[in-house]
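Trainee: Sharing the feature lines straight out of TrEMBL:
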- C117, C122, C128: [4Fe-4S] cluster 1 binding site (BINDING)
- 131-282: domain 'Radical SAM core' (DOMAIN)
- C148, C152, C155: [4Fe-4S] cluster 2 binding site (BINDING)
Amino acid sequence: MAAPSIASSLHRAHIPARRVLTTTHAFATVPTPKDPSTRPKSYFKDTTLASFSDFVSSSQLPSSEAYALRTAQVGPSGKKRTITRLPEWLKTPMPAGNQNYKKIRADLRGLGLHTVCEEARCPNMSECWGGSDKSAATATIMLMGDTCTRGCRFCSVKTSRSPPPLDPHEPENTAEALARWGLGYVVLTSVDRDDLPDGGSRHFAETIRKIKHKKPSLLVEALTGDFRGDLDQVRVVADSGLDVYAHNVETVEGLTPYVRDRRATFRQSLNVLAHVKERARL
């Protein structure tokens with residue numbers, strides 16, 4: 001019998017290796033079975049979850065009514081078509097009678113300020129701005145304009161390589177508005193400004209200091225970008241007197257290149273958060 005060729009021998013030698021690698025990869029995300037008695041509590045299985053009625057603004061609804069499809073005829077005479085209407089429990093009334101909402105909106109227009117609430121057309125805006133007997137009013141202010149230098153695929157904010165210059169009066173105007181709005185908590189976020197040498201960190205920090213000067217009791221959260229990984233700029237904001245430092249990683253590491261702008265990386269975001277946490281211990 002003829003001796004096997006070198007090529008066929010190498011082919012057979014590589015088959016087990018491929019199978020091992022494939023098997024290892026297939027089980028990489030499967031957790032190792034553990035003793036049920038020592039298993040950590042699973043939120044979805046071991047705790048009481050909110051019922052459907054907890055998300056309904058009115059009284060409890062029977063399932064038949066909650067899930068019933070409602071239709072309506074729309075269009076001119078002779079060309080009417082049937083559409084499916086949203087259920088009543090999913091609708092939010094316009095905040096026509098909320099005075100705090102009106103005051104905040106008028107001030108925003110007058111001072112040229114921007115909010116994430118409006119940019120995203122958030123349906124909860126009236127509840128946040130108006131507050132309630134259960135919680136103080138809150139708002140999310142977007143600093144440094146409404147045009148971002150990055151183009152993340154999940155975001156609808158306007159983008160440009162050269163946005164308009166910063167408004168030097170924005171820190172003072174923001175602090176003045178927040179001081180008279182009656183808010184208990186404010187979130188300051190911003191567009192990314194890679195066109196600026198410091199990424200806008202000093203503008204961000206100055207806004208926080210102005211707010212704390214005018215209303216020390218107001219809790220301030222800074223939801224910042226990654227400042228291109230420049231930890232010196234991260235420290236500028238972290239040391240400005242804020243109450244909460246936040247930064248979004250947006251998605252898991254494997255999807256980051258497909259979802260976020262190429263200048264943002266998962267590890268870069270983790271470094272920002274780790275640096276702020278370590279600095280808080282000092």
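Placement of Cβ uses the backbone N, Cα and C atoms for every residue, glycine included.
Caution: TrEMBL annotation is automatic and unverified by curators.
What's the neighbourhood like for these features in this structure?
Mentor: There are 23 other CB atoms within 10 A of the CB of C117 ([4Fe-4S] cluster 1 binding site), with all protein chains counted.
Residues belonging to the domain 'Radical SAM core' (131-282) score a mean pLDDT of 92 in the model.
Under DSSP, C148 ([4Fe-4S] cluster 2 binding site) is assigned to a strand (E or B) in the three-state scheme.
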Trainee: Please name which of the binding-site residues listed here, C117, C122, C128, is nearest in space to C148 ([4Fe-4S] cluster 2 binding site), Cα against Cα.
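Mentor: Among C117, C122, C128, C117.
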Trainee: Hey, for the [4Fe-4S] cluster 1 site built from C117, C122, C128, who else sits with CB inside 8 A of the CB center?
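Mentor: So the additional residues around the site are T115, V116, E118, A120, N124, M125, E127, W129, A139, T140.
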Trainee: Would you list the other residues of this chain near [4Fe-4S] cluster 2 - those whose C-beta lies within 8 angstroms of the C-beta centroid of C148, C152, C155 - in sequence order?
Mentor: R150, G151, F154, S156, V157, T159, V191, D192, D261
Trainee: Counting only other Cβ atoms and using a 10 Å cut-off, which of the binding-site residues C122, C128, C152, C155 scores lowest?
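Mentor: Comparing Cβ neighbours within 10 Å for the binding-site residues C122, C128, C152, C155, C122 has the fewest.
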Trainee: Any idea what DSSP makes of C117 ([4Fe-4S] cluster 1 binding site), helix, strand or coil?
Mentor: helix
